[in-house]
Amino acid sequence: MSIPAPGQVSAPALVTQLAAGVAVAPVWRNELGGVTWRIATDPPSYLKYGPAHLEFEPKEEAERLSWLAFAAPSLTVPRVLAQGTVTTSAGDHRWLHTAAIPGDTAIHPRFQSTTALAQVTVTELGRALRCWHDQLEVASCPWTWSVADRLELLAELGVPQPQRQLFADRVPPLDLVVCHGDACNPNFLMEPTGEADHVTWTGTVDLGALGVADRYADLAPAILSLGWNFPGIDPAHFWRGYGLQPDLAKLRYYTELWQAGD
């Protein structure tokens, strides 16, 4: 995942159509070839647009966002404006149009201008994920993101059965929460508080895989992501914010599961 440079990506027809003459800018590109566009309407909105793929299901994400608005109104997530599929010369593309929410991605350079600020941001990432897990009720969530669910997806992605069986045979004891589903650092938004070297979590995005699972299903990609996005920052800052001593065996299991489809 990366932030596109200016002029690096051309806006597809659907983006310019929805923009209706206002400025658009690419703000995020993922490994599936999808791009998130900022549309400078008043108020602004965002359009996730990418090729059809098993791991990009805007309809499912829209359903989860709508559920979150009722299940946990204190959690700030994007409001769905529209979603759909468009056929292009390059094949089917899916899209999700949402209203903007406050903040910048936690990996924005503004949050790494000093080592102290980067450490505070990592601690806030841990606090944000713990708050997410604590505020959502497992019993009320209609979706799962279990090991079995994920092994089924890995099968569809072509991961060999013997490799999948290794995960099925050693599932650790479960500690269930409503997981984000892609708790990598960029999906948590932050803002400065006005105090020196201090930030606060303002919202959460990219929720297409939300579902009930062990909390380490989220903790693993969160910690893995720190190595890419906050190199040199001790993960202990994250664990301090989350309020948990890491179970290294569970962390290793869910990290390997996360990486199995790479």
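Every residue gets a Cβ built from N, Cα and C, even glycine.
Features of the protein shown, as given by TrEMBL:
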- D182: active site, proton acceptor (ACT_SITE)
- N187, D206: Mg(2+) binding site (BINDING)
- 58-253: domain 'Aminoglycoside phosphotransferase' (DOMAIN)
Handout entry: Cβ-Cβ neighbours of N187 (Mg(2+) binding site) (radius 10 Å)
Key = 24
Fill in the blank from the handout: Rounding to whole Å, the Cα atoms of D182 (active site, proton acceptor) and D206 (Mg(2+) binding site) are apart by 7
Completion exercise
Rounded mean pLDDT within the domain 'Aminoglycoside phosphotransferase' (58-253) lands at 95
Completion exercise
Across every protein chain in view, the count of C-beta atoms other than its own within 10 A of the C-beta of D206 (Mg(2+) binding site) is 23
